[in-house]
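Asker: Please see the structure below; I have some questions.
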Amino acid sequence: MNAENFGSSERLVAAAYVRQGAQGRRGHELLLRALLEQGKCPEDGWDESTIELFLHELAIMDSNNFLGNCGVGEREGRVASGLVARRHYRLIHGIGRSGDISAVQPKAAGSSLLNKLTNSVVLDIIKLAGVRTVTNCFVVPMATGMSLTLCFLTLRHKRPKAKYIIWPRIDQKSCFKSMITAGFEPVVIENVLEGDELRTNIEAVEAKIKALGAENILCVHSTTSCFAPRVPDRLEELAVICAKYDIPHIVNNAYGVQSSKCMHLIQQGARVGRIDAFVQSLDKNFMVPVGGAIIAGFDASFIQEISKMYPGRASASPSLDVLITLLSLGASGYKQLLKERKEMFSYLSSGLKKLADTHNERLLDTPHNPISLAMSLKNLDENNDVAVTQLGSMLFTRQVSGARVVPCGSVQTVNNYTFKGFMSHSNDYPCAYLNAASAIGIKKQDVDVFLKRLDKCLKTSRKEGNKEKTKIQT
């Protein structure tokens, strides 16, 4: 209620009580005012009542919620199900206009304000996470792969002759298909093995640029977050090469926001060389439903060009989800989650190393990977060539999700390109292994249960493998 309505209330309820209620309302409004004025994530998280009040205030600014609204167009925010309307807080119009996902909608001032605030709050969090010189970003209602495609399509207009994308190999289908979908030819650069780690072959990248001609290359497509023993690309060296040959550089930072090391690599790459845009997932970094990503960069005009490349309006759901989450957590809550993730990484690493030693395996030495770990399965692989894949099935049936078991020598074709040793990021990695990751939101209980179940599965696999080996020998 406004001041006039509070004044009218004093005819019905004692003035002292009404003033007390008005002061309570004022407390909520001060939080809203700070958000609108500063556009930053609040230091302390908001309670649910404040968030719901805020969303209600936004919703009644949209034309579909006007009292007496008469809509005669083809898109008037009509919703058949009340359950669907409540699920979206009656913010039905989505974000953007037909020509720009970041544009303001005349029919939907509230939804447009939601969009602007979400992008501003997310930009603040990216800076907090370590990329302090980022200038612009926007939330796009597509997951990481399609968001990368949008970046490549935007670059097409800047480099019409280009047909190749230089891509240090990472065995993950969506980032590979993002280049194919955009109509470009990926040039796969095999990684080099340094100890247990698979690292970027900088010499091969530069040699391929010289061989193809810089003008024929759309961009270098690098990666930060990845499964061990693959480690983040050498972003600084790649950024320097991109600046040297005047080639754009797009970074797949899928779940890198939660890692200070990944964010530092991006910050340093932009400082010493060239990074045009970096893309990160909403669900992996902010624990919201799948379906959104953030495209960010250091040249505000280029990021705006990408937003204009998105055709039509877009769903507001990813923006709504991440804004609610960040307002609930506050900057301090998100920083606490980042701190806990780092602690759990050390805890998982220690526990996995002990377990590996028990089973005569070893935790692979991958110090440059800050999120994912890998444990060898060499002995299991030697006993029985199918035991490795069976271990993965055993873990899954015991409700262990997210662990990846990678056998040696698997071959897979993706969009007519054949990868040898697929999932291992290498044609011939020396051993089979198992992956586990310490991602944001993981708890000590998750680690303890995982290690306990893995131990049992390894013991079972070893027994079955020995039986099979005995049969073969006899």
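Each residue, glycine too, has its Cβ placed from N, Cα and C.
Dumping what TrEMBL says about this protein:
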BINDING   Arg75  pyridoxal 5'-phosphate binding site
BINDING   Arg97, Ser98, Gln105, Arg313  substrate binding site
BINDING   Arg271, Arg398, Lys463  tRNA binding site
MOD_RES   Lys284  N6-(pyridoxal phosphate)lysine
Asker: Going by Cα-Cα distance, pick out whichever of the recorded positions Arg271, Lys284, Arg398 is nearest to Gln105 (substrate binding site).
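Answerer: Comparing Cα positions, the candidate nearest Gln105 (substrate binding site) turns out to be Lys284.
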Asker: Over all shown protein chains, what is the count of other CB atoms within 10 A of the CB belonging to Arg398 (tRNA binding site)?
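Answerer: Looking across every protein chain shown, the total is 14.
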Asker: Given Arg97 (substrate binding site) and Arg398 (tRNA binding site), what distance in Å do their CA atoms have, once rounded to a whole number?
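Answerer: Taking the Cα atoms only, Arg97 (substrate binding site) lies 47 Å from Arg398 (tRNA binding site).
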Asker: Same-chain residues six or more away whose CB lies under 8 A from the CB of Arg75 (pyridoxal 5'-phosphate binding site)?
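Answerer: Counting only residues 6 or more apart in sequence, the Cβ neighbours of Arg75 (pyridoxal 5'-phosphate binding site) under 8 Å are His93.
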Asker: Have a look around Ser98 (substrate binding site) and count the other CB atoms within 10 A of its CB, chains all included.
Answerer: 9
Asker: Round to the nearest Å and give the CA-to-CA distance linking Lys463 (tRNA binding site) with Arg313 (substrate binding site).
Answerer: 57
Asker: Can you tell me how many other Cβ atoms are located within 10 Å of the Cβ belonging to Arg313 (substrate binding site)?
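Answerer: Neighbour count, Cβ to Cβ under the 10 Å cut-off: 21.
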Asker: Other than Arg97, Ser98, Gln105, Arg313, which residues of the chain come within 8 Å of the substrate site, judged by Cβ distance to the Cβ centroid of those residues?
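Answerer: My list of surrounding residues reads Gly94, Ile95, Gly96, Gly99, Asp100, Ala103, Gly312.
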Asker: If you skip the near sequence neighbours and keep only those at least six away, which residues in the chain come within under 8 angstroms of Arg271 (tRNA binding site), Cβ to Cβ?
Answerer: Thr133
Asker: Which is it, of Lys284, Lys463: the one of these recorded positions whose Cβ has the most other Cβ atoms within 10 Å?
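Answerer: For the recorded positions Lys284, Lys463, the Cβ with the most other Cβ atoms within 10 Å is Lys284.
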Asker: Tell me the Cα distance separating Ser98 (substrate binding site) from Arg398 (tRNA binding site), rounded to the nearest angstrom.
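Answerer: The separation of the Cα atoms works out to 47 Å.
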